[in-house]
């Protein structure tokens, strides 16, 4: 290809996990390949897996050693076998011939948190490799991705059934206990979005109360962000209650209302279990919801949505994609950048504990899920969930609730259906959040004095090419398949990965409850970014149809279904869904197959992030998420719920935000009581 300036480069030294190898670098249209006699196998990296690329003057080893003499003194005692000694000799010979301070290094940080770097003896060769990587990763269309060229292997071709059809909406509703085609069913399928005219990020098939007309739905859509009006997401047969999802309402500063939207929500609650514990759940922090008012958004006005005190509003306080991105950016900067030469985390990294907020967010999400799950299992609550647009935090929360209350979604096939149902068809922005097409701000040429930001960073600096199309060293910008396309990583965020992290915590805490293992989850993260399959390439169902994904690409479930034995959990014990189990009083136990997260047992996902629990041992998570007060003796005690940070915030801002009728909102724990 014209965009590849150099397809093969010999005499390159690779640094990975603290080890080095001299070998050959190959660049193809869709993969980066490194081969060496010193490695047991070749290293293959899909081009979309590249997250960040740095080009620096000087070897990567200079972050560990000052010169060749120090390298020899410190590594010679570690070469305690003939094989290790031979590797060290080759390394010393390479750096004897090539000055450590003069070589050019290219460091690649991947989206699956692997890190490698390569030292090149010739600067011009390194520049050509850097430009080629830029051209291969910064794209203008999803159809340039590997999925559109990938050919299924023998095992995938022999699969029974089409993996694109693992999820069928009507079949899933029947499994849950709803016969949508029955005229007596209180729910029906609406074709109001058959051409994606009402909400282009929603699927064609949507399910609403039978009593609601399509005309009323059209009016409701105008009152919800991106037209994402409330629709059925899950039916809990045990208590005849539901989970519905939507985007935020649009009252704005003028406090507009929609009687049609109010009618729809009231009918949703009335079409299911008759209860006074209905919940309207806003996954955002209260302050974020208030800030949206100035942009024409907001949250439900409970004077209009209280429905005779049968519904309450609940803020979950989950931060937005930019906060999560910033947290991950902190991890990359402080914990991952030197993983090519440092197999273990240096002490300097431990001084910055910002990334530990990641565990706080995992804990907060699971805490919210636990609260909503218990509201449905023990109170029979109907739950309407939304965030701002309803495709990030909303998808996380409702899918995790379903996993906790429905054992089917903990099975191998059930989990695939869950992902298709709540994430793929309902418009999670996989292309945008995963940053499949990359952008110029992912490339950092430190040899020219031009620096760019990490791909998950919220702060943007100068792009890799200047206004006149020239690089800082006077060379023209490298040719790219995305020429003329302006792109950035502003909206990249590990939302789906965070969901999988939460599932990992549940699976680790309840190993017998899940049919799939942790390897399945880790591989799913890899496939999310590899772009080998078409499932995770698009922002919504319409985009998938426009690109003819189901005929031109393979489903990601081909990979897992054809290798099922690798991902099955041998400890799994199927739930006895139809069995009658009783509690200590002899009554039927509604929580016989219900999972409740152990919030005190949230751990670092070592196998994914590549850092051991011992390296990430600095803990202040409990102090952050569970404030304590001191008694006279200085002993810590958990704050009472009424004294919690969320409740305190509401009380202190009640007058300011009377617009939201906050006098009815006494704290985030009251709604499920």
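Here, residue 1 is simply the first one shown, and the rest follow in order.
Yeah, the Cβs are placed from backbone N, Cα and C, and that goes for glycine too.
All annotation found in TrEMBL is predicted automatically rather than curated by experts.
For the ranges 439-461, 462-484, 485-507, the feature annotated in TrEMBL as region 'Disordered' maps to 462-484. Each residue in 283, 284, 394 lies on the same chain as 320, 321, 387, 388, 389, 390, 391, 392, 393 and has a C-beta within 8 Å of the C-beta centroid of that substrate site, without being one of the site residues. Residue counts for the domain 'Tyrosine specific protein phosphatases' (359-400) under DSSP, split into helix (H, G, I), strand (E, B) and coil, are 29 helix, 4 strand, 9 coil. Of the recorded residues, residue 387 (active site, phosphocysteine intermediate) and residue 320 (substrate binding site) place their C-alpha atoms 9 Å from one another. Spread of the substrate binding residues is 12 Å (greatest Cα-Cα distance among 320, 321, 387, 388, 389, 390, 391, 392, 393).
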